[in-house]
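K.L.:
Sharing a structure below in structure tokens format, with a few things to ask.
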């Protein structure tokens, strides 16, 4: 008999098979869909933050530099506070003043060397051009010497004519100089406050989080800060070794601008792996202009050896478990940061990735630093007296943003 209960039940079953409910979807598809949605939301949030950051780089980049410097210099402030019994304010101020003295002294010495050696290098460059012209005319190519001299004279004339334009461009770049000066002031002020009361600054932001998540996020931030500190300290040591080795090689070859080369290599080496290669181009070019092709080849060989030691000995041995980033991951991160944010992206990509790696691993139950002692909850204040009276346990001292 049509329309019976069994027939209606059968038709409902057929409809359910044609139009499955959400619960009937395979579990992997449901999980993949939720993960995809989460990744889309995270990517959207990162994109919005990147747009906001890109609109105010004059402020955010100096603050980010101050964070890296505070991670690098916080042990100095801690030593002055605990060992030398400096007040926290005086220790932070002394650290910033010492940094300024080192930077100003290095730039002054480098500028003096550039001023003294530049005329000699220019004359050698002109002599090198004349030698190239002679080789092109008398060598296997047998080019017309008259035409080659005309080309060289045209290059020299064009250079002298455009010198006025370069001076005019430097005048119009005054606005950028003002921005750089403002960024330097912001960096120094932010560095001072991070060293002086970085814990209080972090506590202020941590209190904005829900109380249930505050402690876990605070613990994750501590792990991220330890990883960031390990990266900055290790990278500073690696950069110093790179700069000294390249500088010694340049001095042995008798190159000019040894101190500027050392400073540039040291700064560029803070971009892991890539920075050592890029900074090695400068001493090679100086060697080529100053002493010829064979000195340039030797300088390139020195840079390659230094880079090999950095990549296969220094980075794995010194970075180790504290950062836990594969060299291939470092290259991809640096390339992505450079493509998206330019020089700033190349500088900050790896330290940000190192901090996020440690924090996210802790939240997922894979603590990279299980030896870290838990400090006071993020929502509670820690007085300066308590922090100064606390024993100088190295792991605990490095686990908080000073």
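Keep in mind that glycine also has a Cβ here, set from the backbone N, Cα and C atoms.
Curation plays no part in TrEMBL annotations; they are all automatic predictions.
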K.L.:
Of the residue ranges 133-160, 329-356, which one carries the transmembrane segment annotation in TrEMBL?
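P.N.:
Matching range for transmembrane segment: 329-356.
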K.L.:
So which residues does the transmembrane segment (89-111) touch in its own chain, when a touch means Cβ under 8 Å and the partner is 6 or more beyond its ends?
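P.N.:
Those are 69, 73, 76-78, 80-81, 188, 191-192, 195-196, 259-260, 263, in sequence order.
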K.L.:
Mind checking which residues of the chain, 6+ beyond the ends of the transmembrane segment (27-50), have their Cβ under 8 Å from one of its Cβ atoms?
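P.N.:
That would be 340-341.
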